[in-house]
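Scroll down for the structure; my scribbles are underneath it.
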C-alpha cells in the first residue's frame, strides 16, 4: 500500500509540475524596438505596412472566396498592435527609441504594426470619417496618452517647464487645453 501511495504522489507531482510549466509559458519580452529579418539591414515605413488586403471592404460583392494571408512570412514586422483600416484614409506613424519617425498613409484594407512600447499615432487625413480596428498581442495591452500622462497627472509645472525647456505659463496653457481622457 505504501509503495502504491508513493507511486500515486510521484505521478501527481510530475503532473502538477508539467501543468505549472505550461501555465507559465508565453512570449519572451522583446529586447529591442522591433526584430528585423536577417535580409533586411534597416527598416523603412514599408516594413510596418501590409497592403495585401487592400480592397476587401469595397462595396462590390466578391464572386469567389479568396484568402489574403498576413502571417510572419508576408508581414515580418508583426509584433504588438495591429491596425486595420476598414474605411477612409489614415496617416499613421511611430517613433523608435533612436527618435526616428516612420510614417505611412493607409487606405481601406491596409494594415500597420505598432511595435510594443513605442510612441505612435493615427490621424484621419481623408475627407470622410475613417474606421479602423486594432488588435493587440496582449490580453491587457494598456494605453498611455502622453499629453494626459504628462500634463494631466499632477507633475509639478516647474518640472515640466524645465523638461520641455519652456516656461510655466506655456505648461499651464497645455494643461488647460487637454480634452477629458478617453475611456476604453
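Quick reminder: no glycine exception, Cβ is built from N, Cα and C everywhere.
Taken from TrEMBL, the feature Mn(2+) binding site applies to 81, 120. Summarising the environment of residue 120 (Mn(2+) binding site), the number of other Cβ atoms within 10 Å of its Cβ, over all protein chains shown, is 17.
Residues or ranges marked as oxalate binding site in TrEMBL: 81. For residue 81 (Mn(2+) binding site), other Cβ atoms within 10 Å of its Cβ number 19.
Under the heading domain 'Cupin type-1', TrEMBL lists 54-172. In the predicted model, the domain 'Cupin type-1' (54-172) shows an average pLDDT of 83.
Annotation comment: TrEMBL describes 1-25 as signal peptide.
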